[in-house]
Amino acid sequence: MRIIKRKKDIEAFVERNKEMGLKIGFAPTMGALHAGHISLYAAARKENDLVISSIFVNPTQFNNPEDLEKYPRDVESDLQLLRESGFVDAVYLPEIADLYPEGLATKNYDFGGLENEMEGKFRPGHFNGVGTVVEELFRQVKPDNAYFGDKDYQQLAIVKKLAAQVNPQISIHGVGIHREENGLAMSSRNQRLTADQRAAAKLIFETLNKVNDWFRIITVPEINRRVKAIFDAEKDMQLEYFEIADEETLQQTDFFYKDRSYRAFLVVFVGDVRLIDNLHLD
Ligand code: PAF
């Protein structure tokens with residue numbers, strides 16, 4: 001596996017491989033890799049000749065400086081995991097200057113309103129940061145296919161819009177949520193949970209499954225009330241938001257329309273660790 005550190009080197013590497021007609025699959029990450037990431041690479045491996053990943057903790061998408069500071073970083077063990085997976089041909093480890101040659105500024109995107117829902121409300125500026133870094137990574141890596149986890153479902157929807165706006169040749173693929181045995185969605189942030197918190201956090205997926213049982217049987221306001229009550233009863237967990245939203249527009253709904261599909265979205269603080277999850281309702 002090749003380790004590439006500078007913009008000029010990734011660009012030269014990509015150009016050489018493009019000249020040979022190789023199809024490139026790309027999965028950008030912020031490191032602290034886990035089995036969820038490996039499933040992105042496995043999907044990329046099946047559909048491409050060359051698989052590239054990047055590891056870069058992107059400062060502009062953190063609206064909370066403490067979250068950025070505490071974000072887990074361990075490049076050596078990430079590289080080890082990448083090698084062991086056998087799915088990845090090259091990993092790009094850029095410096096800030098490779099992605100932000102003019103300093104840490106972000107672009108202002110219009111993603112048709114998707115950016116103002118959920119994470120957009122609670123993490124102002126987050127999607128401008130994601131958009132700016134992903135657009136630049138796409139420019140340098142020039143993938144044919146790019147892979148993102150369904151766990152950050154809103155991010156996936158936004159990246160699809162971004163690619164359509166800036167580089168429609170890139171196909172964006174969502175990869176299903178990878179879960180721990182107890183149902184907790186895999187996340188780099190899980191590393192910051194104590195064993196007790198990790199066990200308790202199974203409540204998140206259990207609650208999403210309850211919501212699925214209630215779907216189209218109980219009214220949305222009543223579901224909202226029940227979810228709030230579940231987390232209000234937990235002293236170490238704090239519900240930041242729960243929403244049932246239209247899967248396409250991501251707008252919160254108060255009513256289940258027959259011909260629309262819906263997904264439940266939830267963000268919970270377990271101690272000071274912010275966990276996000278979602279479930280398609282059927
Ligand atoms: O999902 C992530 O890890 C990040 O948001 C991404 C897409 C790598 C951009 O920094």
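Backbone N, Cα and C define each Cβ position, glycine as well.
What TrEMBL lists as active site, proton donor is His37. Under the heading ATP binding site, TrEMBL lists 30-37, 149-152, 186-189. The (R)-pantoate binding site annotation in TrEMBL covers Gln61, Gln155. Annotation comment: TrEMBL describes Gln61 as beta-alanine binding site.
Structural mapping of features recorded in TrEMBL.
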{"residue": "Met30", "record": "ATP binding site", "DSSP (3 states)": "coil"}
{"residue": "His37", "record": "active site, proton donor", "DSSP (3 states)": "helix"}
{"residue": "Gln61", "record": "(R)-pantoate binding site", "DSSP (3 states)": "helix"}
{"residue": "Gly149", "record": "ATP binding site", "DSSP (3 states)": "strand"}
{"residue": "Gln155", "record": "(R)-pantoate binding site", "DSSP (3 states)": "helix"}
{"residue": "Met186", "record": "ATP binding site", "DSSP (3 states)": "coil"}
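Cα of Gln61 ((R)-pantoate binding site) to Cα of Gly149 (ATP binding site): a span of 17 Å. Taking each of the binding-site residues Met30, Ala32, Met186 in turn and counting other Cβ atoms within 10 Å of its Cβ gives the largest count for Ala32.
The binding-site residues under consideration are Gln61, Gln155, Ser188. Their Cβ neighbour counts within 10 Å are lowest for Ser188. Each residue contributes its Cα atom, and for Gln155 ((R)-pantoate binding site) and Met30 (ATP binding site) those atoms are 14 Å apart. For the pair the residue listed as 'active site, proton donor' and Met30 (ATP binding site), the Cα-Cα distance reads 10 Å. Counting Cβ atoms from all protein chains shown, Lys151 (ATP binding site) has 21 others lying within 10 Å of its own Cβ. In this structure, Met30 are the recorded positions from Met30, His37, Met186, Ser188 whose C-beta falls under 6 Å of some atom of ligand 1.
Listed recorded positions: His34, His37; maximum Cβ neighbour count within 10 Å falls on His37.
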